[in-house]
Amino acid sequence: MEMENGTVVTEFILLGLTQSQEIQLLVFVLILIFYLIILPGNFLIIFTIRSDPGLTAPLYFFLGNLAFLDVSYSFIVVPKMLVDFLSEKKVISYRGCITQLFFLHFLGGGEGLLLVVMAFDRYIAICQPLHYSTVMSPRACYVMLLALWLGGFIHSIIQVALILYLPFCGPNQLDNFFCDVPQVIKLACTDTFVVELLMVFNSGLMTLLCFLGLLASYGIILCHVHRSASEGKSKAMSTCTTHVIIILLMFGPAIFIYTRPFRALPADKVVSFFHTVIFPVMNPMIYTLRNQEVKISMKKLLVRHVIC
């Protein structure tokens, strides 16, 4: 990181979501209320799935991991964002920026791959039910879980390695409320064209391919369900529809951010806000609200604890 003129960036100044103090205070209050309501619900989902012996199917195993990933993801940006709302100077160290960037892509990449695994689980359950218990055995589920964590790590470490390769000697103002690849790269004191292409290939192309693959998979599943006359048709349709909603919420903003050249657009901050702050904690709740078994189990768990 040492430069010939002796200057080096040791911290980044975050310009934040908005410069208006009134809007910042309003967003601060809304986010705080939102998290105080939704975040305990996600912890309840994890606890319910872990404690109920009736929720041992692979679908619930992956749903519990989705809630865990999203809860973890929400702690990467939001706590610092809330503190910055109350601070006059919004600063993050170079190491803190790299750490934030790493975990964003580590958990985000892992969640994208988890959705692929969940699509595969639904395909086998609906289109190949006779082979389900063999293909989706407990051992296979743990292998898939390990693979998606490893995939998220590899995806993220490539991002970080490319960033660490770049020299930063000023300016050091990030036009955002957190550290992410598009804004950080533009502050490098060198030509970043090749690095931007590599980043788009790593994040953008992978995101787009996963998105199109997931849509195609659920399209096949929904066609299969529509043609069938089984008793569980409505339940399968409901589950798959919920999965498609999550896919659109997660991949839509990611495609907007990472599949184009890193040029600032007016909508960038708003899209990033929903992608990193709002949608992660809502994803497991959307699944739960459409899953009768989990809702019933949660009600029983709450009633049991109230009585005790």
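Cβ atoms are placed via backbone N, Cα and C, with glycine included.
Copied over from TrEMBL:
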type: TRANSMEM; residues: 23-47; note: transmembrane segment
type: DOMAIN; residues: 41-287; note: domain 'G-protein coupled receptors family 1 profile'
type: TRANSMEM; residues: 59-78; note: transmembrane segment
type: TRANSMEM; residues: 98-120; note: transmembrane segment
type: TRANSMEM; residues: 141-168; note: transmembrane segment
type: TRANSMEM; residues: 205-225; note: transmembrane segment
type: TRANSMEM; residues: 237-258; note: transmembrane segment
type: TRANSMEM; residues: 270-289; note: transmembrane segment
Do at least three C-beta pairs under 8 angstroms join the transmembrane segment (59-78) to the transmembrane segment (205-225), pairs 6 or more apart in sequence? no
With pairs 6 or more apart in sequence, are the transmembrane segment (23-47) and the transmembrane segment (237-258) linked by at least 3 Cβ pairs under 8 Å? no
If you average per-residue pLDDT over the domain 'G-protein coupled receptors family 1 profile' (41-287), what number do you get? 87
Tertiary contacts of the transmembrane segment (141-168), as residues 6+ beyond its ends and Cβ separation under 8 Å: 1, 3, 8-9, 58, 61-62, 65, 94, 98, 101-114, 116-117, 120, 181, 184-185, 187-190, 192, 195, 198-199, 202-203, 206
